[in-house]
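What Swiss-Prot records for 37-337, 384-389, 458-470, 549-852, 899-910, 980-992 is topological domain 'Periplasmic', and it gives similarity to another entry as the kind of evidence. Under the heading topological domain 'Cytoplasmic', Swiss-Prot lists 358-363, 412-438, 494-529, 873-878, 933-960, 1016-1032 (among others). Taken from Swiss-Prot, the feature transmembrane segment covers 18-36, 338-357, 364-383, 390-411, 439-457, 471-493, 530-548, 853-872, 879-898, 911-932, 961-979, 993-1015, and the record attributes it to similarity to another entry.
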Amino acid sequence: MYEEIRMKFTDIFIRRPVLAVSISLLMIILGLQAISKLAVREYPKMTTTVITVSTAYPGADANLIQAFVTSKLEESIAQADNIDYMSSTSAPSSSTITIKMKLNTDPAGALADVLAKVNAVKSALPNGIEDPSVSSSSGGSGIMYISFRSKKLDSSQVTDYINRVVKPQFFTIEGVAEVQVFGAAEYALRIWLDPQKMAAQNLSVPTVMSALSANNVQTAAGNDNGYYVSYRNKVETTTKSVEQLSNLIISSNGDDLVRLRDIATVELNKENDNSRATANGAESVVLAINPTSTANPLTVAEKIRPLYESIKTQLPDSMESDILYDRTIAINSSIHEVIKTIGEATLIVLVVILMFIGSFRAILIPILAIPISLIGVLMLLQSFNFSINLMTLLALILAIGLVVDDAIVVLENIDRHIKAGETPFRAAIIGTREIAVPVISMTIALIAVYSPMALMGGITGTLFKEFALTLAGAVFISGVVALTLSPMMSSKLLKSNAKPTWMEERVEHTLGKVNRVYEYMLDLVMLNRKSMLAFAVVIFSTLPFLFNSLSSELTPNEDKGAFIAIGNAPSSVNVDYIQNAMQPYMKNVMETPEVSFGMSIAGAPTSNSSLNIITLKDWKERSRKQSAIMNEINEKAKSIPEVSVSAFNIPEIDTGEQGPPVSIVLKTAQDYKSLANTAEKFLSAMKASGKFIYTNLDLTYDTAQMTISVDKEKAGTYGITMQQISNTLGSFLSGATVTRVDVDGRAYKVISQVKRDDRLSPESFQNYYLTASNGQSVPLSSVISMKLETQPTSLPRFSQLNSAEISAVPMPGISSGDAIAWLQQQATDNLPQGYTFDFKSEARQLVQEGNALAVTFALAVIIIFLVLAIQFESIRDPMVIMISVPLAVSGALVSLNILSFFSIAGTTLNIYSQVGLITLVGLITKHGILMCEVAKEEQLNHGKTRIEAITHAAKVRLRPILMTTAAMVAGLIPLLYATGAGAVSRFSIGIVIVAGLSIGTIFTLFVLPVVYSYVATEHKPLPVFDENKTTH
């Protein structure tokens, strides 16, 4: 009775065609309304938050900064929640602490938490520091780099225009977190003190500084309230111009006045000269626009472009501007390519189905499942607050081949009954009843496979949650269509006793031949079952080798139309050196025919390095891939001895990390000298390994430092205090901000310093004077002694331990996974006692993800096994079905290994290829379900043995298995020939599924029947239950 009711469920839709059509139309309508409401992104929303705490302490050395500023802040900040890691750099005059938050941490809450921790220790920080600046960003590279240059205006004037006119406009765009200015030469009122003239006037530094501060103050004078009129008071107590500041009286003795111009030169000039930028060889000022942690780069860039065009029209006649790099160009190109692939895959699937069916009328039945499923799933994306992104679009490509499977199986079964003499209506009723359970089982099995991906954490989980649920949603809808619309259409469109067309005859003839060949070969296999079983065992035994022989990486290297190059020079050099050293490199870059723009920023990200972004021409305008261009440029870079430089790919997934793809951090509580020696040995081993084309260590003792010792006894006899010495040296050398002035409505720093000629070498100290307690000038050199030492440029820390970071770019042919594995082994075997190691950049993400996908794969296998066990009420039958999984996986791995041998990009174990392997689990088990379900029914209803049942089932289900496999494989063919942005990732997942499904299907058709004959449950016909019979 239960069986009859269950099977009659599908009859409703055959008998009520309007109901079947209405259900499908409803899904299409809901899907169409969702299209305009879904956001378009590169990847699913992934919040990466990096908080930076910057503190300036002008004139202080790195050790002082670390002891009194960095360490105090670190201790407090470490108590904040959701920190992934914290690193810091203590450099002369500045402390920078970088806090990388865990993925998808609320950026506003994280910023507030860190800010509270900073404020808690501000009172414990030294006097003389500037207030710590706390900022939050996504941490990745800017989404857009824009250059500004002029043949008439100098860099200070260009920078001033950008700060006053351009930057404020970009900040009006929602989603812009930061606008960095590189090559900037910001204006400041520079006071170039003359130590000898000050000594001649008996003026001490405190006297000069006090006069400057006391005579430039902002006054809030309130209002005058009369009986009827109120007046606002404005008191001009600030300096408004260079002339006013120059005429400032520093001291007076009757008519003898000493003005600032008598002891110093005052001018409006550059605040500092820490970075230089060039664009295509021309000196420029470059803006980098960084989005907020939660912003959609595509939306932000879309708003920037019209604003930028408006800004260009406002530029002075002598100023020019270009967009040097736009990250969203590659994103939009990749999305466009994927959408195009969806169209191509649909056409190919249509042709393949036609080749198997041969009837234009019949082909409508499975083909309609494609638009209904693809459009219908959009309503699910909307309900889950998902977006249209590369992952959901990739899921739709895979779905094209999947969603027709169920409809094909239903169509084929109904068509078989029509050819057996049934009317289309009866064939639809009988055929759908027979196939309903396998269809539901296959749908549940596929959904079960993807569910573990939706439960994963980390980057992989964030990326593939939407992928998995999109694919599962499309499969669910296709199952609904297969059991509602497809049977109804079959009853209306298919004809009994109709004369076959020429194409139908050819198709039938060809498939008949295939069927007969398969039957013959299967019979041979079943006669030699032990040989086939041995073959299967051999295949299974090769799986560990096939896995281990593949390289691993987080994501394959893509041709993104742009790449980064980092140049490093010795720590002791200045910005002039690095700029000149990089000129030959950039000349080689610009002479490369595929290069469109070349940007070089000397002095970034550190004072002795250069950040370079090279933009290539459109993919259609060049024949060479990005990797080939980078390799050529890297080879030419080896001939430049002054600087170590290497190009590397922009990270495919923006995880808030910057720099080369591999960075290992050595940590210890020991002193920096010991750490530097250990790091140098580790670096030497890396260079000797031949696995890295570029390496750079951030802790080297090669920077000259003058250690000044004060004779406190002698200074005391003169009445000279340590505070006086500190203030004098600070005002002469550090370039500290004394006060600020208002010029044309904009605040500028007032910076005191001696001229460059008076600070070229330690000998300059002989011209510095202090004021003794009796008012006489005393040479500074008389109370100090100096010793030249070598020190690091900066003192880095990681997780509150002294650290040394080695950044590296693996050699071509060496994956980041292989490089990391070598580094882990090297560090484990060779680091001394008291040392540990960690990773940064892309390497950190790869290590953190670890075996997450392997666990997901195992979980998918377990879940689908349990689902099948429930369906078959057996443990052994699911084991037989699952035997096809290692067969398919071996096919995929063999293909990856062969292609990897020929250095084909994307043939590594990465998140895309591993997701392809997980997808294979669901696809290949469908074959086993189809065969085992028929075999089970044959045993229950016809009393056949296991061998007879599975042989019959394999022959009956050959055609739908071949059709569904061909449809799936054909739908993925465009991925194998993908070009342009994102092509390698699409190829990676495509080749795994195509190779695995094709080879796995061939193996399954022969191995599964053999295994079934040995392992499967013997299904006995159930006894008829008589409710009137009494048992004792």
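Just so it is clear, glycine is given a Cβ too, placed from its N, Cα and C backbone atoms.
Could you place these features in context, so I can see how deep they sit and what lies close by?
Within the model, the topological domain 'Cytoplasmic' (358-363) carries an average pLDDT of 78.
Cβ atoms under 8 Å from those of the topological domain 'Periplasmic' (384-389) belong to residues 38-45, 335, 466, 469-470 of the same chain, restricted to positions at least 6 beyond its ends.
Sequence-distant neighbours of the topological domain 'Periplasmic' (458-470) (same chain, 6+ residues past either end, Cβ-Cβ under 8 Å): 43-44, 46, 103-104, 377, 380-381, 384, 386-387, 389, 391-392, 394-396, 399, 450-451, 554, 653, 655, 845, 848-849, 852-853, 856, 911, 915.
Using a Cβ-Cβ cut-off under 8 Å and counting only residues 6 or more beyond its ends in the same chain, the topological domain 'Cytoplasmic' (494-529) has close neighbours at 354-359, 361-362, 414-415, 418, 421-424, 427-428, 947, 951, 954-955, 958-959, 962, 1005-1006, 1009-1010, 1013-1014.
Remote same-chain partners of the topological domain 'Cytoplasmic' (873-878), defined as residues 6 or more beyond its termini with a Cβ less than 8 Å from a stretch Cβ, comprise 865-866, 932, 936, 1015-1017.
The residues of the topological domain 'Cytoplasmic' (933-960), classed with DSSP into helix (H, G, I), strand (E, B) and coil, number 24 helix, 0 strand, 4 coil.
Remote same-chain residues near the transmembrane segment (338-357) are listed as 363, 366-367, 370, 374, 390, 393-394, 396-397, 400-401, 404, 408, 411, 503-504, 507, 511, 959, 962-963, 966-967, 970-975, 978, 982, 986 (criterion: CB distance under 8 Å, separation of at least six residues from the stretch ends).
Beyond the transmembrane segment (364-383), the same-chain residues lying 6 or more positions past its ends with a Cβ under 8 Å from any Cβ of the stretch are 24, 27-28, 30-35, 37-38, 342, 346, 349-350, 353, 392, 396, 399-400, 403-404, 406-408, 410-411, 466, 469-470, 473-475, 477-478, 481-482, 485-486, 489-490, 493, 967.
Residues 42-44, 334-335, 338-339, 341-342, 345-346, 349, 353, 357, 362, 365-370, 373-374, 377, 381, 431-432, 435, 438-439, 442-443, 446, 463-464, 466-468, 470-471, 474-475, 477-479, 481-483, 486-487, 490, 919, 923, 926, 930, 960, 963-964, 967-972, 974-975, 982, 985-986, 989, 993 of the same chain, all 6+ positions outside the transmembrane segment (390-411), place their C-beta atoms under 8 angstroms from a C-beta of that stretch.
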Hey, which bits of the same chain come close to the topological domain 'Periplasmic' (980-992), Cβ under 8 Å, at least six residues off its ends?
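For the topological domain 'Periplasmic' (980-992), the list is 330-331, 333-334, 337-338, 341, 390, 394, 397-398, 555-561, 619-620, 652, 892, 895-896, 899, 905-908, 910, 912-913, 915-917, 919-920, 972-973.
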Residues sitting near the transmembrane segment (18-36): Cβ under 8 Å, six or more positions beyond its termini, same chain?
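Contacts of the transmembrane segment (18-36) (Cβ under 8 Å, skipping residues fewer than 6 from its ends): 12, 368, 371-372, 374-379, 381-382, 477, 480-481, 484-485, 487-488.
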To the transmembrane segment (853-872), which of 439-457, 879-898, 911-932, 961-979, 993-1015 is linked by the most Cβ pairs under 8 Å?
439-457
Hey, which bits of the same chain come close to the transmembrane segment (530-548), Cβ under 8 Å, at least six residues off its ends?
883, 886-887, 889-890, 893-894, 897, 909, 1003, 1006-1007, 1010-1011, 1014
Which sequence-distant residues neighbour the topological domain 'Cytoplasmic' (412-438)? Criterion: at least 6 residues beyond either end, Cβ under 8 Å.
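For the topological domain 'Cytoplasmic' (412-438), the list is 7-11, 14, 362, 483, 487-488, 490-492, 494-496, 871, 929-930, 933, 959-960, 963.
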